[in-house]
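Trainee: Let me give you the structure first, and then I'll get to my questions.
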Amino acid sequence: MKENVASMIVFLLLLFLNIRLLKGQSPPGKPFIFKCRSPEKETFTCWWRPGADGGLPTNYTLTYHKEGETITHECPDYKTGGPNSCYFSKKHTSIWTIYIITVNATNQMGSSVSDPRYVDVTYIVEPDPPVNLTLEVKHPEDRKPYLWVKWLPPTLVDVRSGWLTLQYEIRLKPEKAAEWETHFAGQQTQFKILSLYPGQKYLVQVRCKPDHGFWSVWSPESSIQIPNDFTMKDITVWIFVAVLSTIICLIMVWAVALKGYSMVTCIFPPVPGPKIKGFDTHLLEKGKSEELLSAFGCQDFPPTADCEDLLVEFLEVDDSEDQQLMPAHSKEHSGPGMKPTDLDPDNDSGRGSCDSPSLLSEKCEEPQANPSTFHTPEVIEQPEKPKANVTHTWDPQTISLVGKMPYLSVNGSKSSTWPLLQPGQHNTNSPYHNIADMCKLATSLDKIDKDALQSSKTTEAAGEEKATKQREVESSHSKAEQDTGWLLPKEKPPFISPKPLDYVEIHKVNKDGALSLLLKQKENGDQTGKAGTPETSKEYAKVSRVMDNNILVLVQDPGAQNVALFEESTKEAPPSPSQNQAEKDLSSFSTAPSDCRLQQGGLDYLDPACFMHSLH
């Protein structure tokens, strides 16, 4: 019986425990401190969130202690901050002190403790929102209308003493808009907002934040209605500007229609014409540069020609045959009407020396004293001395050459083909003569040649007849040019040229007066082996004389003359007392025919004396 009673008691106890477990009673859950806030950095409040109560009434207690202390304190005020909060008054708040705070939950089934929270009052400041938010639309006279926003700092914050420094932020939007427009105002408590839409109702809010802390909540919304005539004045101004611009445009169109030409002339003045006297604008437009330059008195462009035809187109013909018909000894036996030729260092005709810088440099370096000259006497008189009457027998070929070729005196330096003016001569005859004068010259020279070939002896009568022929030549050239002297400048060491002596034959005369020449190789039995084809010259050439059968003898000017060769040849063949001056010159030059042709870096000219040996 006693055993049954004991088992019954155990069963009832187990049943009671199961009933209590089925009702959910347990120890409380762990609470959580989620926020601590100080509105003015003098007091602060902490809030927690409780855990599960276990089906039983639960008691919550907040305890704290300061860092470095062991004494634990309980919350001084559970009511000021609201439920589940603890308020710390100024008495219990310290700056620059760290608080270690915990929350304890206790019921009949047990207790639990929250995680500790470390709080520094300086960094948990969250002020209240600003107060007395005011909105106003202002219309200044000199500027556009704008929205004027004003507010006051929170009441609890001591801003005047500088205990806290607040910064403000404003946001606004139209009433029906979804997004806010935010403006940062800084530390000022007023702000201007521009560019508002007329007729709209705007909502405005403001908030603040300390230097170290959090933004406050937004203040309550404030609204304002923007009037419809907010931009009417601007529209009126634009309408006025448009009307005024239209009137100005109409006035300008009317003025242009009445005085269009005058206004165009005033805005775009015409280009002034040329002020030069005698200037023809038509020549400038047509592009005729020759006529335009001649109008200014300028020289025309030099003639252009193919370099292959320079020998024919720019052949220089010298028809002063009278000078070359007279032998060199006429200098010693000149008549009373003969005037001595003045010495001139150079008289460049402009044809040869322009293309020969070496000749010009040589002439500048050579001394110019005592040059030898050729003379052309006007009258040939009979010599008074008996030895001048001695007769000599010459062959016809020698007579022809004596009458046609000028000779160098033995004591002269070197022959030159540069013409010089006589003392009484003031104008220079052009080297390019008329075709009629050239024909007259060729006829007269041909006649002289034939008369010279018919004579067999040289006598006094022959000398007089020769003078008569010379006068005929002078009369044929009286219209063309005056007598020209030939200067013999001093020489420099020569360069012996291996080129053979050449002749040219007149092929035809074109309408411009230019001579077409055919090169003709010299025909001499003893010089045939040395003759060669003449090189094509791209320089100017000078004609020494015109022989029979229309053959021109080309004269080329050597760069220098070897005086030593001439003197040596003179010593080897000394002249006899009965010889005249012409025979002396002939004997001195006939000893060195191969050395007569010299060459220099400029133009290649031939000395007339060199033909004496080649024509035998």
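Numbering starts at 1 and runs along the chain as displayed.
Backbone N, Cα and C define each Cβ position, glycine as well.
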Trainee: From the disulfide entries in Swiss-Prot, identify which of Cys46, Cys75 pairs with Cys36.
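Mentor: Recorded partner, per Swiss-Prot: Cys46.
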Trainee: Kindly point out the range from 120-124, 215-219, 610-614 that Swiss-Prot annotates with motif 'WSXWS motif'.
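Mentor: When 120-124, 215-219, 610-614 are checked in Swiss-Prot, motif 'WSXWS motif' belongs to 215-219.
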Trainee: Looking at Swiss-Prot, which of Cys86, Cys208 bridges to Cys75 via a disulfide?
Mentor: Cys86
Trainee: What residue among Asn59, Asn411 has an entry for N-linked glycosylation site in Swiss-Prot?
Mentor: Asn59
Trainee: Within the motif 'Box 1 motif' (267-275) only, compute the mean pLDDT.
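Mentor: Taking every residue in the motif 'Box 1 motif' (267-275) and averaging pLDDT yields 74.
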